[in-house]
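As annotated by TrEMBL, domain 'FAD-binding FR-type' applies to 331-448. If you look up TrEMBL, you'll see 27-47, 67-95, 116-149, 169-195, 216-238, 258-276, 455-475, 573-594, 606-628 marked as transmembrane segment.
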């Protein structure tokens, strides 16, 4: 193997027959999944036209004579493919295992970029849009125009076929148009729930983290509710012209569409839609959060509105969401011990949470955190600041005080610190408590930050948090001699005030990897934008020792292993068993109840359908969860006994070799690799152009964590043609990793 293709994160051994077999199976699975997905999407795109309608008619003629009838036929063609892909994806991840292979990129004479990450649009309503996302937007836009055009032609044909009288043509056409808008909304809803399944097997397959996929849910949600609103508006206008508005709005008939459940579903959807707008979500997050729980009302009454026949069109994505939601519920019921907590001089809080040794995660992961003393309902996302190599028994997060919830958490920690330092003896049982529950960790399936020889990490404010995990991960690998491709790392960090410099104390670079400069070229450029000159204490800000508090242990323990991004085998079994259970329950329901007693009520059959979806997850999926939990508890004990679990006053150490480092004269200090500039902002054009002279023609990964304005600024420079010409064609990898808290 030549110098340009040295493997990373792979065993250095010649390919064996088993590895060839695994590669072949993975290739076959990828081809099969791709064929199924493309065929399914093409059918959905064709469906509004006469050709798509003819395909569906022929399919129903072939398959509707089975046990499940016409509902089973619709479910199989609309929802079946995505469930089959999910099952195959779980098999693919099981075969792939936990290891990923990264190789050095051969230098190309031409610019190279990745569709998923290269920014194409940087200004506009969609924010920063990659090439693949732009392609998806164009496909959906063409589909919407095509669907409206095709349905309009079909509506005109229907008018001619039924010979509608001229005085009734406008009302009939209006109601028919409303029906078509509703069908387009259902076709959009096929994809609506797929991006918000946090531990989704599908997101893991294509390696798109949940926090990035949520934007797709937002886009689809706007489009879906727009078509559903037009659907309802057309009928309201038509019924008003006829003078039957109130009579028909409250209609709930057994055969056909039940109107009142549709009205309830639409009202719930409109409330979610209005409160999810950016302004409301930014300034009234709790209103958005609580209103969005109406999704249960929205989905249930939609099933009552259209019945099992039409609801089966969207059932696949909803079923996968229910699977993810139940697993998150099971994981979040466990209270998690807080090993230590402290407040940095800038006011940012650090929590170190207990985790089992058999829980795996990557740098750039995040968790959802609940503190029950503050709220039993609120969950907030926070980036993980610790590396998986920092220790087997803890996960650390940094929390910036931005709003009411984080301010209450800071006050709780202050009360705990005061209680620990009072002169009189106080029983620890009377200390203020911090009872936490955790969902996650979630994030990228593979550690893509290890796929580049050179990294540019751009952060704004608290966005530096995930970069601590990346730096720690790289330094641990360099120190331990593990495979690690990055050799040059540039951190560009923009902050408002110098108080935030204390965040650098969250990572002790020389302690993790002594004499790291011999193994890694690290530069940290800090831009303090709202100060023209340093304060006297800025030079000592990283030398401050921050006392930590150790909250009294609750009846909890470490984080639960019940997370969709955890063990591939158990998550795959959970999906497969639940899916089989759902099919079995539908079968028994049809045989022993619906067909036997000739149940024909549409809304009632829709209710039974959704009950079977939920019951199959609770019963069959719950059985897998029980065994999964026991397995995690058992293997966690085994790994804990087999590892050296080192604690200092109840807190796990971050460096198992700390004792050996005490006698070393560590030359590198913070100032040796840190440059601080005051009263200025990063000039990214100059920064990128200067990298060409330093690094030459090599691949560069650019990761951005910060506000939307920072992402847009960096994306513009990456997209700039002048940058491509002057940078000698490096490979840029753009990724957004930020949260609105």
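Every residue gets a Cβ built from N, Cα and C, even glycine.
For the domain 'FAD-binding FR-type' (331-448), DSSP puts the residue distribution at 23 helix, 38 strand, 57 coil. Proximity of distant same-chain residues to the transmembrane segment (455-475), defined by a Cβ-Cβ separation under 8 Å and at least 6 residues beyond the stretch ends, is recorded for 348, 363-366, 382-390, 397-398, 400, 447, 449, 484, 486, 488-496, 500, 503, 506-507, 509, 512-513, 516, 520, 522, 682, 684, 687-688, 691, 700-707, 710, 714, 737-738. At the 8 Å Cβ threshold, with sequence separation of at least 6, the transmembrane segment (67-95) comes into contact with the transmembrane segment (573-594) through 3 or more pairs. Across 27-47, 169-195, 258-276, 573-594, the stretch most heavily in contact with the transmembrane segment (216-238), judged by Cβ pairs under 8 Å, is 169-195. Panel annotation: around the transmembrane segment (169-195), residues 44, 47-48, 78-79, 82, 144, 147-148, 151-152, 154-155, 158-159, 202-203, 210, 213-217, 220-221, 223-225, 227-228, 230-235, 237-238, 241-242, 306, 310, 313-314, 316-318, 320-321 of the same chain, lying at least six beyond its termini, place a Cβ under 8 Å from a Cβ of the stretch.
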